[in-house]
Structure formats: structure tokens, C-alpha cells
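Written below as C-alpha cells is the structure these notes are about.
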Ligand SMILES: Nc1ncnc2c1ncn2[C@@H]1O[C@H](COP(=O)(O)OP(=O)(O)OP(=O)(O)O)[C@@H](O)[C@H]1O
């Protein structure tokens with residue numbers, strides 16, 4: 001029996017997530033680093049708003065990495081040989097990941113540094 005179109009699309013999207021997680025070292029690094037703010041958030045009792053901000057920024061970085069990988073695949077297919085535009089396209093996609101990561105670090109610092117300082121100063 002054929003699956004409904006929505007379930008099929010969900011299956012394709014899930015396959016993409018499994019692909020990027022199992023094949024991309026950078027995605028594995030992002031996922032490993034993600035455990036740091038999650039554990040800090042639990043330990044330092046983040047508020048609901050802070051959790052929303054943390055999850056949004058983590059999601060932003062992970063989504064950028066998925067899109068970066070998709071662009072790399074498409075560029076490799078369209079231009080397996082060296083071409084300035086192919087290089088530019090990959091650099092731009094990687095730049096998006098870097099930008100999202102820098103914003104994530106900044107937001108993490110804004111949330112956790114005051115909490116850590118208060119923890120250190122507390123008797
Ligand atoms: N076809 C190409 N033409 C010109 N430059 C390229 C080409 N492919 C890759 N490059 C250059 O090499 C860099 C690294 O590309 P590569 O495909 O190895 O991605 P990567 O950064 O190693 O990503 P990942 O580690 O996620 O696979 C690109 O950012 C780009 O500057």
C-alpha cells in the first residue's frame with residue numbers, strides 16, 4: 001500500500017537528517033558542542049525565555065549546517081571540476097554556518113556568563 005504523500009515527504013526529510021548526521025563531521029561536532037549549553041541550562045536553571053533563545057540559536061546552527069551540506073552536494077554535482085563560482089558558493093554556505101555559530105556563542109555568553117559569575121560569587 002502506498003504511503004500518503006505527507007508521510008513520504010517526512011521520510012525523505014528524515015533520510016536527509018540521518019545522512020547529514022552520519023556523514024558530516026562538522027554536524028557531529030555541532031551536536032557534541034550542543035550538549036554544553038543544554039547541560040549548563042539545566043544546571044543553572046534557565047528561564048523559559050532563555051531556553052527558547054538557546055533552542056532557537058542551536059536550531060539555527062544545525063539548520064545552516066544541513067543547508068550547507070545540501071549546497072556542497074549540489075555544487076559537487078554541478079561542478080566537479082574547480083570553478084571560481086563553485087568555490088564562492090561553498091564559501092558563502094560555510095560563511096552562513098560560521099555566522100550562525102558566532103551568534104550562538106554570543107547568545108550563550110550573554111545568558112551564561114552572568115549566571116556563572118553569580119554562582120562563583122555566591123557563598
Ligand atoms: N569545485 C570547486 N571549485 C573551486 N573551489 C572549490 C571547489 N570545491 C571546493 N572548493 C573550495 O574548497 C573549500 C572546501 O570545500 P569542500 O568541498 O572540501 O568543503 P568543506 O569545507 O571541506 O566542507 P565539509 O567539511 O563540510 O565537507 C570550499 O569552501 C571552496 O573554497
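Positions of Cβ are set from backbone N, Cα and C atoms, glycine also.
Segment annotation: TrEMBL labels transmembrane segment over residues 27-44 (candidates 9-26, 27-44). Residues 91-113 are the range that TrEMBL records as transmembrane segment, among 68-90, 91-113.
With a cut-off of under 6 Å between the Cβ and any atom of ligand 1, the binding-site residues 9, 72, 82, 91 reduce to 72, 82, 91. Straight-line distance linking the Cα atoms of residue 9 (substrate binding site) and residue 72 (divalent metal cation binding site), rounded to a whole number, equals 22 Å. Ranking the binding-site residues 65, 72, 81, 91 by how many other Cβ atoms lie within 10 angstroms of each Cβ puts 81 at the bottom. Among the binding-site residues 10, 82, the residue whose Cβ has the fewest other Cβ atoms within 10 Å is 82.
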